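As recorded in Swiss-Prot, the features of this protein are as follows:
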ACT_SITE  Ser220  active site, nucleophile
ACT_SITE  Asp467  active site, proton donor
ACT_SITE  His470  active site, proton acceptor
COMPBIAS  91-102  compositional bias 'Basic and acidic residues'
DISULFID  Cys143-Cys194  disulfide bond
DISULFID  Cys165-Cys231  disulfide bond
DISULFID  Cys174-Cys472  disulfide bond
DISULFID  Cys388-Cys468  disulfide bond
MOTIF     467-470  motif 'DXXH motif'
TOPO_DOM  1-25  topological domain 'Cytoplasmic'
TOPO_DOM  44-500  topological domain 'Lumenal'
TRANSMEM  26-43  transmembrane segment
Amino acid sequence: MGLPGRRNPLLSARRAAASLRRSRRLPVYVAAVFFVASVLLMFRDEILYLTTARSPSSSLPTTGGSAGGAGLARKEELVSVNKPVLLGHGGKPEKHHSVTERHRPKVSAKRRPNKKAAKAARKKFMASPSVAAGAEVNVPETCNLSKGKWVFDNATYPLYREQECEYLTAQVTCTRNGRRDDGYQKWRWQPRDCDLPLAFDARLFMERLRGKRLMFVGDSLNRNQWESMVCLVRPALSPGKSYVTWWDGQRVVLHAWEYNATVEFYWAPFLVESNSDDPKAHSIRDRVIKPEAIAAHAGDWVGVDYLVFNTYIWWMNTVNMKVVRPTGKTWEEYDEVGRIEAYRRVLDTWATWVNDNVDPARTSVFFMSVSPLHISPEAWGNPGGVRCAKEDAPVQNWHGPLWLGTDWDMFRAARNASRAAGRVPVTFVDVTAMSELRKDGHTSVHTIRQGRVLTPEQQADPATYADCIHWCLPGVPDVWNLMLYARILSRPPAAAGHVA
């Protein structure tokens, strides 16, 4: 079949060839050649799409599983480090095709539905149960979503099933990796002064994303959140009309081409340039940053409609940071400065870029707060525990702060930087205190190390192998995304941001 709204190109080509034969002015073989050429011309859009947009994989490349800020896949874990990994909706393998960097697809370059198809899609959407019932999301901007409590809810949670989302990597599929309890999937966040939506309406959200790009930028916690988001929107994607590309690990993109939309992750663990920016060789002991240099990454952020930033976990290895001197030419020419000083310099660079380069009439900007670690069980009253291993419920009936080692100076610096963009409103999404209560939600020993699921012997040694940084999915990041969902859909497109 051709594209919607187009005449049948095969029939047109046949008629053209037949006309030539009837005219007796050309031999039959010339008419045949003309027929083939006509078919190729008529189907050029479909052929171009099939040969540039699809390739196979049995699964997405896995992320590094070590606790301590490990993020993207190691080189040996990638199907190919020079080719995109493509995964069709439904997990079916597709023909592999090499695509060079300069052929990286963009939303604007994808086939846009013609007016007839767009009208039909809109009519179908308006007739959907959620829209026909007058569904809407209206969470007041004045409501502080970060204050509340965790409520066990096995009726509406989890928001999706682990085994039904082919986009999840082995790092976060805790049930598949041997975790036997599933209570961690069934806790709903109840804000104190208002309500979050009970469900994530994927079709409603994808309609808001129609013709747009949503990009998570940062470290492996934002990658964790990206995986959650693509699972949440999955029910709105028709079979055969979405696929994932993995661009050398730097970007992972879900293409939902029936909506002409993308949901993307961009690897930039410090936001600015660093010697850890190569996703195939990022596990570097001596991490060095250029706190005033952001252009190498930021060029890929221009024009994105929804930007969700974070940076935290990669800062936590040392109390001092190595920063390249202003006149430095190599990564070896650095000075050591205090972590919070370096963090503030980076955030100043980021806020300046946002203020100078983002169009607030088009782009909404969010900054995710600190995602906490749970490596000190005595902090939540379990002195005999080992990191986050075997924790099966949130911290409950706790009054006062939890001393988990969260760097609250960095939290405040990020919040202040979100207010510093000036011309561009930035929504600071505060998930820190609520996530501190979720000692049960981490991948712990039900994850991977160097691309392989932990062995029984490794799982029996949580002091060495428990990952108490990243989160199981379904799980806590789904609630973070529900907060994004509430803020995005409660506003007109590109409305101003506030504190979530």
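We number each residue from 1, going along the chain as drawn.
A Cβ is built for glycine as well, from the same backbone N, Cα and C atoms used for every other residue.
Here the features listed in Swiss-Prot are painted onto the structure.
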residue : record                    : DSSP class
Cys143  : disulfide bond            : coil
Cys165  : disulfide bond            : coil
Cys174  : disulfide bond            : coil
Cys194  : disulfide bond            : coil
Ser220  : active site, nucleophile  : helix
Cys231  : disulfide bond            : helix
Cys388  : disulfide bond            : coil
Asp467  : active site, proton donor : strand
Cys472  : disulfide bond            : coil
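Asp467 (active site, proton donor) sits 8 Å from Cys388 (disulfide bond), taking the C-alpha atoms as the reference points. Counting in whole angstrom, Cys388 (disulfide bond) lies 11 from His470 (active site, proton acceptor) by their C-alpha atoms.
For His470 (active site, proton acceptor), the nearest of the recorded positions by C-alpha distance turns out to be Ser220; the candidates were Cys174, Ser220, Cys231. A 10 Å cutoff on Cβ-Cβ distances gives Cys231 (disulfide bond) a total of 27 other Cβ atoms nearby, all chains included. Each residue contributes its Cα atom, and for Cys468 (disulfide bond) and Cys143 (disulfide bond) those atoms are 30 Å apart. Between Cys472 (disulfide bond) and Cys231 (disulfide bond), the C-alpha separation comes to 13 Å. In this structure, the CA atom of Cys174 (disulfide bond) is 33 Å away from the CA atom of Cys143 (disulfide bond). Confidence annotation: the topological domain 'Lumenal' (44-500) carries a mean pLDDT of 84 in the model.
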